[in-house]
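Per TrEMBL, the feature DNA-binding region maps to 43-62. Residues or ranges marked as compositional bias 'Polar residues' in TrEMBL: 1-11, 216-227. According to TrEMBL, the compositional bias 'Basic and acidic residues' annotation covers 234-244. The feature domain 'HTH tetR-type' is assigned by TrEMBL to 20-80. Marked as region 'Disordered' by TrEMBL: 1-21, 214-244.
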Amino acid sequence: MATPTPQTTPSGGLRERKKQRTHDALIRAALELFTDQGYEATTIDEIAEAVDVSQRTYFRYFANKEEVVFAVQEMVEARFVAELRGRPASEAPLTALRQAVLGAWDDIGGAIASVVPVELHMRACQMIESTPALVAAHLRRSSDLEEEVSRLIAGREGLDVDTDPRPRVLVAAFGGVMRVASKVWGEGQDCSVTAIRELTRSYLDHIRPAFDDNWRTGQAGRSTGDVNSGRELSTPDKERIRNG
């Protein structure tokens, strides 16, 4: 087998870097046009023209407008799933989800900024929330991600996701927190990754005890007094409840 010459290796790397630059430039141009003039009003031809490429070149990277508008979000979600897969099996499920999403935010800021300015990403998030066609697409994509994450959690815990509702209930609550955090972040003045990371941490910490306490003993979610906190009731407490 022939050994690659010194000339061939940089050539391949150069081509890949050029493709990546075109890919990222299309995302930036698309998000700028979408946020300036609206998603529906923007055509693929306009996006391609802004980057000085043909429509045919655009379709080498993205199948449609929806793919490009969610490209950065997809990158963030992929980083989160990778972080979750790497969490220790000893962690309770919501703790694993919390640590995974915070770890993803720690790592992803630079990656987002290398593709688009964070401020542009924030404006794109706001645009998605105000565009009915994109809201529907976002909900569909979120549902697909939640199903993937539910199955990951079930696998970690040795559960059958189709017979035990806990993984899906947990992930639905987690997804709700993420949507609220994203909405509050998008409406705020601080568009930094640090800001959404802190919102996410704060909101998840509010619900963590309800899900993590006694998850593996099947006692999570009991609803009164010390039961809700995960502590065993004392004998006098049990008598008081029994006697009304």
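Cβ atoms are placed via backbone N, Cα and C, with glycine included.
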Go ahead and report the DSSP secondary structure tallies for the DNA-binding region (43-62): helix first, then strand, then coil.
15 helix, 0 strand, 5 coil
Check the domain 'HTH tetR-type' (20-80) for me and report the mean pLDDT.
95
